[in-house]
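Visitor: Here's a structure for you.
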Amino acid sequence: MGHLQLWLPVLAGLTGILAQEDLYRKVFVFRKDPSDAYVVLRAQLEQPLHNFTVCLRSYTDLSRPHSLFSYATKAQDNEILLFKPKPEEYRFYVGGKFVTFRVPEGRRDWEHVCASWESATGIAEFWLNGKPWPRKGLQRGYTVGTTAAILLGQDQDSFGGGFDLYNSFSGELTDVYLWDTGLSPDKMRAAFLSLRLPPALLAWKSLSYEVKGDVVVKPRLREALGS
């Protein structure tokens, strides 16, 4: 597994506060719709990714397109992207290409998603609320670059910027993780149930982040299923 160099907590001027903390049972509340706000996740990857898994939990009443997790490099703005164009569809991007997973329209409740990918086979997995969807093929042989800008709540059309406000997220995000490996089915279900998880490149319980704009960290109002 690659190593992660975390930034120490420091003040970052008037634009936000760089913090590292355990966010267990807390959420990021993106208060406005549409919004120019986002959260930067601080990580320095030491080697390119040949495999990865990203998981998060979201709660929103949006029906328009919105970005959940955006990992961009200078060479590719959609290096990794979890994007929801409409309530019954998720798009999972790797290296600028995507596959679509059609899902039941949400009941205005928490939705937990995990997406994983492996270069050797090009297999993309998608799990919704602890249940796997049929696997699909995506970018076999590709390598995900390092020196990344990793954002929650906006879709990067350039490295660290180029936002379309009408693709912004509004609502609540929590339980964000990124691993440099494909999780086993047992670990995928453990992520949904908020059980013990393997060490991660980005982990909700030791997250290094910086808030940009109107995003507030608050206790979770009600428990998501399984948490």
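Numbering starts at 1 and runs along the chain as displayed.
Each residue, glycine too, has its Cβ placed from N, Cα and C.
Pulled these features from TrEMBL for this protein:
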DISULFID  Cys55-Cys114  disulfide bond
DOMAIN    24-223  domain 'Pentraxin (PTX)'
SIGNAL    1-19  signal peptide
Visitor: Roughly where does the domain 'Pentraxin (PTX)' (24-223) sit in mean pLDDT, to the nearest integer?
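Guide: Here the mean pLDDT over the domain 'Pentraxin (PTX)' (24-223) amounts to 96.
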Visitor: With Cβ-Cβ distance below 8 Å and at least 6 positions apart along the chain, what are the contacts of Cys114 (disulfide bond)? List them in sequence order.
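Guide: Non-local contacts for Cys114 (disulfide bond): Thr53, Val54, Cys55, Glu125, Phe126, Trp127, Leu183, Met188, Ala191, Phe192.
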